[in-house]
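*Asks:* Let me give you the structure first, and then I'll get to my questions.
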Amino acid sequence: MRLTDIEIEQALDNGTIVIEPRPGIEAISGVSVDVRLGGQFRVFKDHTAPYIDLSGPSVEMQAALDRVMSEIIEIPDGEAFFLHPGELALAVTYESVTLPADIVGWLDGRSSLARLGLMVHVTAHRIDPGWQGKIVLEFYNSGKLPLALRPRMTIGALNFERLNHAVARPYNTRKSAKYKDQQEAVASRISQD
């Protein structure tokens with residue numbers, strides 16, 4: 001069952017769910033809690049790579065990813081990152097989130113932003129039980145105009161579901177967890193599959 005605003009507040013109060021910095025009461029409504037945009041981004045660099053072989057040898061795949069992804073781009077508070085039509089960028093939430101082994105989270109973009117063409121979380125919107133860290137956002141501008149994204153703007157909302165039982169392998173205890181404890185806009189680690 002999805003947690004209500006009352007249950008979310010209780011989970012934050014008793015430490016079952018941890019969101020740092022803790023959101024104010026105005027950020028919690030209905031069945032969700034707002035999250036804000038952090039100041040770190042990554043983009044695809046200009047490159048001549050004809051493709052990335054997603055099922056090729058890990059070493060070659062990682063080399064291709066290293067060639068095409070930028071380093072972290074830091075955007076100070078008050079300044080903007082511009083996402084142009086047809087561009088993909090990685091970003092990170094301002095908040096860090098910790099979930100117990102019996103709660104799964106879901107991240108949804110804001111409808112008001114989607115109506116301007118901004119996809120906030122292209123496909124991976126599940127936050128696994130046992131997650132700890134910031135959430136990487138996969139932005140895509142499907143609109144017609146560049147969009148100015150500023151650190152700390154409200155970018156999406158998290159909602160939570162309590163599971164019938166705790167999972168046997170919470171995310172942060174799995175050796176295969178590629179994005180464990182992430183604190184920045186981490187690029188794809190598909191080569192580690």
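Glycine too: its Cβ is placed from the backbone N, Cα and C atoms.
Swiss-Prot lists these features:
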- Glu138: active site, proton donor/acceptor (ACT_SITE)
- Arg110, Ser111, Ser112, Leu113, Ala114, Arg115, Asp128, Val136, Leu137, Glu138, Tyr171, Lys178, Gln182: dCTP binding site (BINDING)
- 174-193: region 'Disordered' (REGION)
*Asks:* Using C-alpha atoms only, work out the spacing between Ala114 (dCTP binding site) and Glu138 (active site, proton donor/acceptor) and round it to an integer in Å.
*Replies:* 13
*Asks:* Take the Cβ of Arg110 (dCTP binding site) and count every other Cβ within 10 Å, whichever protein chain it belongs to.
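*Replies:* A 10 Å sphere around the Cβ of Arg110 (dCTP binding site) contains 16 other Cβ atoms.
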*Asks:* Closest of the binding-site residues to the residue listed as 'active site, proton donor/acceptor', Cα to Cα, picking from Arg110, Ser112, Tyr171?
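*Replies:* Nearest by Cα distance to the residue listed as 'active site, proton donor/acceptor': Arg110.
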*Asks:* Validating a neighbour-count step here. Other CB atoms within 10 A of the CB of Ala114 (dCTP binding site): how many?
*Replies:* 14
*Asks:* So if I draw a 10 Å sphere around the Cβ of Tyr171 (dCTP binding site), how many other Cβ atoms end up inside it?
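*Replies:* So the Cβ neighbour count for Tyr171 (dCTP binding site) comes to 20.
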*Asks:* Among the recorded positions Ser112, Asp128, Leu137, Glu138, which residue has the fewest other Cβ atoms within 10 Å of its own Cβ?
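*Replies:* Ser112, out of the recorded positions Ser112, Asp128, Leu137, Glu138, has the fewest neighbouring Cβ atoms within 10 Å.
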*Asks:* Does DSSP put Arg110 (dCTP binding site) in a helix, in a strand, or in coil?
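*Replies:* Going by the DSSP assignment, Arg110 (dCTP binding site) belongs to neither helix nor strand, so it counts as coil.
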